[in-house]
């Protein structure tokens, strides 16, 4: 009986396994401009993450052929949400229940969505009335190969006093859950938030319409006695628009916006991702490269207080980011084939990189004075000098690779 029972179990398990769906594949997103976009698979995209809604496994149980449809009208982001599947587990499976996928998604999308396509299409006809929120800061264009023309984009600064913006933002922020690994929704009642939005202008039946491209939220921290320090919190360019340079346009526009304000000390970012750091390097180097303190003659003399002061006063860049800008521009001004020049550059960067190691050693010296010998050896073993040099060299090589990428992008800009 044991074998019979056991083989029965695996058959059951196999059966149940067929009812597991990867939620990143099951969620289907669209930004809809024309009714025919609804049928066009090329306009569909999927989340990068769904763990915040469906757990770390990113699996939904209980369905075959599960589709969680989340379609948004391109501009004002009115939403169509519905669940489709080919079959669902039923009572024949003892004590097994399908996940309530619908309520999980309802928790993050605001109420007032459509559940059928006809209602959604009739909302699409009203989209011609949608206009961007807030104050226009910047207009730019990107050449589109496919369309064979330049497409115009605009960046606006909005706040919660703009009519309809609060509801629009509720719909917009749902995208964070699918594309930012550690996303969280912000407290919109706090007036210290600024919102910067990117829109594309497009034509439909002779009218000009606006499509949402992406956005950034920035929090204004108070700095004693009378300054603020804006901190970038969230930034997202929607997947259909990624890789076209919108992130750089947005970040540069935000910097320029704060640059004109005497009350702003400098701009920081909260827990930046690797991609954000690369983007920021590019934007800040682009802004700084023409400052007098970063001329090749000055770069060779090393990092200076003048650089820190000028970058902060003119461009609202903080000391730590200015140091990176200096290293990138110094790399550009250095002939790495020249032994003397490259050695000087390497020592300069490694001196900064070794800072944290040095700090650790100072801490060890303190511990030596107050720890018993056997406790000490354990601590000392963690810091082996050879290891340090190897790590240092690896960190340096990685940095140079990153810096070269920034310089390549700059050369093409």
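Just so you know, glycine gets a Cβ as well, placed from its N, Cα and C.
Listed in TrEMBL for this protein:
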DOMAIN    19-181  domain 'Histone acetyl transferase HAT1 N-terminal'
SITE      193  site 'Interaction with histone H4 N-terminus'
ACT_SITE  270  active site, proton donor/acceptor
DOMAIN    280-331  domain 'Histone acetyltransferase type B catalytic subunit C-terminal'
Other CB atoms, at most 10 A from the CB of residue 193 (site 'Interaction with histone H4 N-terminus'): 17
Cβ neighbour count within 10 Å of residue 270 (active site, proton donor/acceptor): 12
Residue 193 (site 'Interaction with histone H4 N-terminus') and residue 270 (active site, proton donor/acceptor), Cα-Cα, nearest whole angstrom: 14
Helix, strand and coil counts within the domain 'Histone acetyltransferase type B catalytic subunit C-terminal' (280-331) (DSSP): 41 helix, 1 strand, 10 coil
Segment confidence, the domain 'Histone acetyl transferase HAT1 N-terminal' (19-181), expressed as mean pLDDT: 93
